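So TrEMBL lists these for the protein:
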- 1-30: region 'Disordered' (REGION)
- 59-153: region 'Disordered' (REGION)
- 59-74: compositional bias 'Basic and acidic residues' (COMPBIAS)
- 81-131: compositional bias 'Basic and acidic residues' (COMPBIAS)
- 138-153: compositional bias 'Basic and acidic residues' (COMPBIAS)
Amino acid sequence: MGLDYKMFQLEKTQDELDDAENSNSDLREDMRTLRSKAEKVGDALELQKELEEMQAQLDEAKDKYTETEREAKSAQEMLEEERTKTARLEKEAEAEKKRANEAVERMRDAEDLANEREKELLKEQKKRDRTTTTQDMLKGDLEKKNRETNKYMRENKMLERRNGELREELKKLQEQFK
């Protein structure tokens, strides 16, 4: 009986040992699975961290893009203002040029009129007596016409000077936008 009992205990111990090995093997498998899951969780955490960094970079890039877009819009508005200003200056320069041309034309007309008047006065002078009164009258008319002519010439010079200033200002503005 002692041998059967010992055999029974041996088989029982062997079964327990087999169960322990199986249990140990299952535990090792569970440990491998847990390690694998832990590595995956670690990888996922790293990916999450990288994703957050990338999101921060994306947000920063969006902010920079928005700022750049704002600056570009501001620059475009300034350019449009300068173009409007340039167009206005060009119109003013054209108007000044037109006024200057009109003044030159008036001056020429005044010179022609003065020349005709002078011829007429000379003809009249030849016809009249050469008295001092007639000469004073002619001299007065001639001085009056000369004053008018000088006035138109001063006005023309002033308009030409203003036209030159406007052209310089226009050149400066055009150089700024090249």
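Just so you know, glycine gets a Cβ as well, placed from its N, Cα and C.
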Can you work out which residues elsewhere in the same chain, 6+ from the ends of the region 'Disordered' (1-30), have a Cβ less than 8 Å from its Cβ atoms?
none
Quick one: DSSP breakdown of the compositional bias 'Basic and acidic residues' (59-74) into helix, strand and coil?
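Its residues divide into 16 helix, 0 strand, 0 coil.
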